[in-house]
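A.B. asks: Straight out of Swiss-Prot:
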TOPO_DOM  1-584  topological domain 'Cytoplasmic'
DOMAIN    72-321  domain 'Dynamin-type G'
REGION    82-89  region 'G1 motif'
BINDING   85, 86, 87, 88, 89, 90, 237, 238, 239, 240, 284, 286  GTP binding site
REGION    178-181  region 'G3 motif'
REGION    237-240  region 'G4 motif'
COILED    371-408  coiled coil
TRANSMEM  585-605  transmembrane segment
TRANSMEM  609-629  transmembrane segment
TOPO_DOM  630-741  topological domain 'Cytoplasmic'
COILED    679-734  coiled coil
């Protein structure tokens, strides 16, 4: 980098450099703030970035925006103070090489005036509290404007904007502030607060025709109290007056020098004695302004009448300007930029810590997510394998339980069938042979038997079956419970309640015995049909009594004579003795049923054989027995016969449904247990689905975490680069602070 011509360029370059750095810093912090905000507000990335991190980053973004605006308005500021008519305005004009501010006889600065450059080609001024730009073409117009504004007080500020093209000094962000005399007001504290706290250099313009006054010293003592070691220059103006008394000039100069040194070194203690030598100057601003105006017009500097020693005074003024420019540029860079540089380093250090914490949190989360994904895959495989094994075990268990239930119900039902007669005898209701009454009687008897058998079966089986079902359900739950999440395990008693199982036997007894036909007609025990039933059984007797009139074999045509060629009845070779008996009786019945002659013939045969007395006795006894049985055939006897017939019929029917009833009960048990298992399987399926979704989600989360790690590392590297730029700025523009650090 080429060495700048003017020391003031040092500030300009520093301002440009620090502004560029802070623009990058603001862009960087904005990017980091968006990154932290996106990370913090991502619901899938819990505890990666905290709310405090986000608040801190957003706070830095706002602060850097403000600092950027402040830096853009930063400039070097020099404030001129002194007694009234000490030549403050003349010094400013001399430094500007033009009569910018009103000065000289009759012109007294009655308020604060700041002179700064403008890029335009027209001068203008702005008063405090107004944004109006008042055009000013000449110094006289400026003086007139200031004089005519009655609202301007000593504590007001009027900003004068002078074209930079007309004054080189104003091109380098330098603002010169003129002030009223320190001896015209007591509001020194308000002046300091309003105009001095941001000043880089103070110039005390003293009248060399007199010594430093207490009012001047008092003001700078107050400045020294508010600012740490302010940069103060003392200009002993109007030194050209000493040319009229050359014999006293050195003594007066030495006297002024001693008093100024004492003031700076001993009283204010802002510099040491050696440094103070370069802070005190003896000049004539009026002479310098006149000479420079001459030079600006192309005429020699000494073209006007000047006092003796002018060149020495001009050289000293130029020395003052050189040292002043070096001092103010260094001081302004330090005061305007050093704290911002330190603050920027602190912000970068904090941002690096935030990025490091985000990186570490993302790394821990990513490592945890990788392990969690592996665990979820292992658990999913474990659940699937266990479900296959448990399904087989449950099927086997269900088969065992249903077989046991079927056996229990079958045994209990067989026992109840054996006790059916007792249950029928317990039934009491009005009995009458009338068909309508019998219908009601049978209906009530069916209901009584169905309720009784159902109750007895429930008493014998329900509790045992229920206990068996509950035990089996509990075993299944305990086996599948480890496959479910802890939260679901705690809620299993509500999701799958193990209620008492009510077994339904569903005998449907009414339909079962709906085709029962009672037979309560009186039959003599020695009657023909009774004997047939007794000897042949009900089925064969039915065949005989239903009218098998045609005999299977032929009887002899003549019973009295003996045939010459008797024929033997043709019977099948494989006919049994029972079938032969049926054939004989049927044949006999056929004969007796054809004609009443059979009775006479049989009676005659018996009478011839045993005699009439024995026959009479037999008939008497037979008739007495018939009469007894006929009189004993009461309604109660009919009811007993009815119940016995019903028991026999129902027993046969119930034995036919024992297997189906037990199978139905076992099916109910199977359904109950299978339902419980299905609900558990549903919960396991939900768990598997959740695991599958989690396994599918975790890779995306891992990718997000890797991106966050990469972004945090990238942002941290940017922070390091900005730190390096700040360090280079410090080395280049703030060497003293760099050495101190």
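The backbone N, Cα and C atoms fix where each Cβ goes, and this holds for glycine too.
Where in this structure would I find these features, and how exposed are they?
C.D. replies: Looking only at the domain 'Dynamin-type G' (72-321), the predicted model's pLDDT averages out at 83.
Remark: residue 284 (GTP binding site) has 237, 238, 239, 240, 307, 310, 313, 317 as non-local neighbours, by Cβ distance under 8 Å and separation of at least 6 in sequence.
For the region 'G3 motif' (178-181), the list of distant contacts is 79-86, 88-89, 92, 101, 108-115, 154, 191, 195: same-chain residues at least six beyond its ends, Cβ to Cβ under 8 Å.
Secondary structure of the topological domain 'Cytoplasmic' (630-741) per DSSP (helix as H, G, I; strand as E, B; remaining residues coil): 107 helix, 0 strand, 5 coil.
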A.B. asks: Going by a 10 angstroms cut-off between Cβ atoms, which of the binding-site residues 85, 89, 237 has the sparsest surroundings?
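C.D. replies: So among 85, 89, 237, the binding-site residues given, the one with the fewest Cβ atoms within 10 Å is 85.
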A.B. asks: Of the residues in the region 'G1 motif' (82-89), how many are helix, strand and coil by DSSP?
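C.D. replies: Across the region 'G1 motif' (82-89), DSSP assigns the residues as follows: 2 helix, 0 strand, 6 coil.
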